[in-house]
Amino acid sequence: MEVAALSPTSRSLPLLSTAPTHRLHLLPHRFVSGRRLRLSSRHEGFGCVRDGWGQRHSARKNGFLVTCSSSASVEPATQEVGTAVPGDWSGDVIRQRFLEFYAARGHKILPSSSLVPDDPTVFLTIAGMLQFKPIFLGKEPRRVPCATTSQKCVRTNDIENVGRTARHQTFFEMLGNFSFGDYFKKEATAWAWELATKEYGLPAERLWISVFEDDDEAFNIWHNEVGVPKEHIKRMGAEDNFWTSGATGPCGPCSEMYYDFYPERGSSDADLGDDSRFIEFYNLVFMQYNKKDDGSLEPLKQKNIDTGMGLERVARILQKVPNNYETDLIFPIIEKAASLALVSYAKADDAMKTNLKIIGDHMRAVVYLISDGVLPSNIGRGYVVRRLIRRVVRTGRLIGIRGDGHEKPEGAFLPSLAEVVINLSTQIDPAVESRRKSIIAELQREELRFVQTLGRGEKLLDELLDEALLSAGNNGNKPSLSGKDVFLLYDTYGFPVEITAEIAGERGVTVDMKGFEIEMENQRKQSQAAHNVVKLSVGNETEIVKSIPDTEFLGYDSLSATAVVKGLLVNGNPVNEVSEGSEVEILLDRTPFYAESGGQVGDNGFLYVNGGEDRKQTAVIEINDVQKSIGNIFVHKGTIKHGSVEVGKEIDASVDAKLRQGAKAHHTATHLLQSALKSVVGSETSQAGSLVAFDRLRFDFNFHRPLSEEELIKIESLVNQWIGNATHLETKVMALQDAKNAGAIAMFGEKYGEEVRVVEVPGVSLELCGGTHVSNTAEIRGFKIISEQGIASGIRRIEAVAGDAFVDYVCARDNYMRRLCSSLKVKAEDVNGRVDTILEELRATRNEVSSLRSKIAVLKAGSLASKATTVEPQNVRIVVENLGDVDADALKSAAEYLIGTLQDPAAVILGSSPGDGKVSLVAAFSPAVVKMGLQAGKFVGRIAKLCGGGGGGKPNFAQAGGRKPENLPDALEKARTEIVAVVSSSSS
């Protein structure tokens, strides 16, 4: 080593570290992995290190700069391994060592992105590269030449394999190093080997490599330069070792590293796909081609590196445990679940261990998803969370967890498990701890809600078993539950198929497991098709913007500007000229038009093309929307009202001032609303979406219940108070971290760079926001909440108006009140009292009508008693009739009268069509008929299904309804046939 300045304690510096920080520690020379190092006091910025392939890297300690000399070489694989610093191989240490390893080689450590990606084409964050997708596509400039991350990921396409294999998970961490046109194959390969064998100390003889079958370059690097024996390098086909982003776009060969758990089996005929022997733990993607529409490959001008190392897989290897679940990343959750179920994991059978693994895995996924703002619901990402939660709850009940697992049988056990996950989250995502209270509250609500659903599932299962037994008895077949019914119980009600089969077996009913598996496979295919793809594309839009710089936005200070047309698009295709009457998309070098983002809609207005020295208008384009495209290019969408427009023409751009003012008022009002909401209902509520339009605002937020009228009044009053204070707004651009340190709130769905715009209403609100705002709150004029409602489980929505829209709304409501007062002939303050009186009179009239209808129905029923049919051998008197258009209450009165008039045993089935496409049914059975095995609730429920409905009730009396009155005659005839068949076969 060559040292420009010596430390008093050591003459060597490592490229590796075990410390839980990003600094490098002084270690013995042998840990430098065979590279010759020299220290220099000279540096450029962070300082640089250049290796044998001309790549620069850097590391600094105590003022020294560590650099690799140009004669650096990679240690051969045959050299003695296992010399990495011994110590604790916890998941946190493995993660930290990975990040520090690449930070020492010039990589910027970047934080994990959210599990909710900015990319609308991707459902959840499923790969470490996702946050860099725009850079790989060339849509955004790189901010650093290379980066390293530990990315939170969620995949649900293999959910049925979780717990059943050693490696499948829904939530996992992907360690990655990325190069954006900087280093490439040689460096990525050499470092991957160095990381595995030196940093982690993995024995070289246990490592195997796969390369794409045609990638001779990668094969030669691994064998000739790294030193991996040929017999440990496998060439594999495109299905395994060629990464593509879709039908077109960036792509390239892969090289994967495998760990061999059983090297004693030898190299002959070794199959890297054998999960019982090998585990793939590091995947290197060499993104070097662009796949064109015709399938041909052209070299990318900027070659990139995208890698992924599964943290849980590496932890399994280093911690020497049989599967990913028994690593310290997941096992503490499993142990907690086992304690709640009063079982020992070590002594548990395979089925019990599988269930505990499912709980451990899924709990990580739901905690991190909820922390990132995904709440349980029946749609979209919320459905994923709900499904995972339900799997945990039903699995917990299956292994014996009752209530909260402690002293409360009616409690919830998910909060106890969540506490463990949150305690483990510090090094993964520190924000999870700050959301502990809201995460636990949401899990508790969802579990208790689902327990009620499970109760309904048990009831449905009971009914399905009764139907299966009845149907089998009538047809002489063996009773069986269909695969569709079993899947309905599983998917909709969360009923474990194992419990369904067990209960059915006790009743003598078999389960169509083959049909159930078909339904499961259909769902699995749909899930895989929807959620396991990261799409990239390189198309016309990329080509047209290569020569177009980002649009300069002038709209904060001006509503008009002169600009130059840089591009024209018609139906997405670039053109040079567009004529009158055409729809067009226009790209300008500068614009006063706001492009839709952060919830605020794009501006409207006009573009005027001026010609000649007199600047006479030669064309007029009406702009009705503005969107952001690749990078920060504004796309002005509109119609050419007059003349034509060409690329290169100078135009005058003019924003509709009235509409812009409406957007400004509603945007600032949205900030005030969020502050008022947090003040009234609690700071734990957070934004879940927004719309800032010219005539209204919409604000979605996370909250578990409807807001009361008093809370809404308080919120409205607070906002109007702040408006009346006439406070001047302050805006400034600052570093993102400084803004966060100051307490600025980020707007939902917005993507931020290293510098951000901060909008402050002093003393009220501080938010990161690129939108347009009023200069003084008094410009908002007034604020009125129009509605508050739930739009999904745990998501509420407030709609409101401000500015001119507020004035219009109030005036319109005043006109309605005037007309109402005139119609009722009362003053405004007396309207409520008068309306209450009218409603009371209406209720009394309706009750009187209902009473009369019931009397009429009873009179009709009186004549039916004489028409009763007597069925042997028990002399059961049966009445099955259609009473026409009587309503449900009258039908009930008629049935009660008949069953009271007829002697026991008796059965009454009545139906009616009261209008509006409705069907009413009622069944009344005497005690002796109930003893024969007939239950009114189940019986009438089956009959109602024929009329497109359902219902139920007690064994002796039940009601039902439907929506197909045309089927009522056939339904009543079936009821007559079934009840006669049952009582005829009864012997007692």
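Just so you know, glycine gets a Cβ as well, placed from its N, Cα and C.
Curation plays no part in TrEMBL annotations; they are all automatic predictions.
Because the structure is a prediction, the values reported are computed rather than measured.
As annotated by TrEMBL, domain 'Alanyl-transfer RNA synthetases family profile' applies to 89-812.
Summarising the annotation, TrEMBL assigns Zn(2+) binding site to H667, H671, C769, H773. Around H671 (Zn(2+) binding site), the same-chain residues six or more apart in sequence whose CB sits under 8 Å from its CB are V759, V761, S765, E767, C769, H773, listed in sequence order.
Positions annotated as coiled coil by TrEMBL: 828-855. Sequence-distant neighbours of the coiled coil (828-855) (same chain, 6+ residues past either end, Cβ-Cβ under 8 Å): 817, 820-821, 886-887, 889-890, 893-894.
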So around the Zn(2+) site, H667, H671, C769, H773 aside, which residues have their CB within 8 A of the centroid of those CB atoms?
-> K664, T668, T670, V692, V759, E767, G771, T772
Name the residues of the same chain, 6+ apart in sequence, whose Cβ is under 8 Å from the Cβ of H667 (Zn(2+) binding site)?
-> G599, Q600, V692, L697, C769, G771, T772, H773
Counting across all protein chains, other CB atoms within 10 angstroms of the CB of H773 (Zn(2+) binding site) number 25
Including all protein chains displayed, how many Cβ atoms other than that of C769 (Zn(2+) binding site) lie within 10 Å of its Cβ?
-> 27
